[in-house]
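For Y69, the entry in TrEMBL reads active site, proton donor. The annotation substrate binding site is assigned in TrEMBL to H132. Annotation comment: TrEMBL describes 33-305 as domain 'NADP-dependent oxidoreductase'. Residues or ranges marked as site 'Lowers pKa of active site Tyr' in TrEMBL: K99.
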Amino acid sequence: MRSGLAQTIQRSMANITVPNTPLNTNSKAIPLLGFGTAEYPFGSSDSVKECLLNAIRLGYRHFDSAALYQSEQPLGEAVAEALELGLVNSREELFITTKLWCSDAHGDRVVPALQTSLKNLGLEYVDLYLVHWPVCVKAGEYELPVKKEDLLPFDYEGVWKAMEECQQLGLAKSIGVSNFSCKKLEKLLSISEIPPAVNQVEVNPLWQQLKLRQFCNEKGIHITAYSPLGAKGTLWGSDRVMESEVLQEIAKAKGKTLAQVCLRWAYEQGVSVLAKSFNTERMKENRDIFDWSLSRDELNKISQIPQKKGFPGVEFVSPDGPYKSTEELWDGEI
């Protein structure tokens, strides 16, 4: 039986209100700060559930998962325990995203893949379901890197029609994509009945994505930023963001961490941003970005940082595959 004191302490720890923004559907608004669940190697930690439960205690309500990450089950367990402990009053207070992996990017596998994810999560629906990459591989493995001999052409119509079915069935409140260029989004918009609500892509001060952000803004597609700190220590990341002298100088002058400067910058661009740390102190720091701002001079300095993409996706490029080069994968947006 929970004590009133325990509930008071739990709620006082979460005394942070994260702003949100509506999506192009009539579904729940997306919180502009989310919590990433991808660790690398995938599934390498036994403490994911406790870390996610701690994140809920600290006020995080938006959680980003994927079939690839092996984080759906611990996230579902954390949600169930949070409800049991009274950390949240209902499932409706949480915004849960998961993603379709490339090996399920076949028209007939999309709905069953989401049903499997929902079973892992212990949920009746997700708030957002994303196509993880505009990439298809032979059905079977959930792995990154993928086997290049298994790469197949991506079936836009078949996959997106099945994604639309996921929303029509109520299994996903909104649907979207990840790692799509402007050209690929245009192709998707030309065939869709339900347009993508979100494009989740790499965005940080060293890869600002101005063209893509402007395009998505014009089309009513919300951008969620992954790797806002550069994802140091992962297959898809580097240490360039955390070692940027410009960002280090701004952080020192403001009395903030470099991570806070990056997250605040992303927030000021009007995108939602996914922070991932299983360290409690950094989890607290990462959420404390809403009661201060960057100056015009600081924003100008950040805008002049030389640009370089952190994760070009060479794992999906092959002389014998649909994408012969990273230029083709990103349609020149690299």
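Placement of Cβ uses the backbone N, Cα and C atoms for every residue, glycine included.
Unlike curated records, TrEMBL annotations are generated automatically.
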Next item on the list: Among all chains shown, work out which of the recorded positions Y69, H132 has the most CB atoms within 10 A of its CB.
Entry: Y69
Next item on the list: Pop the mean pLDDT for the domain 'NADP-dependent oxidoreductase' (33-305) in here, whole number is fine.
Entry: 93
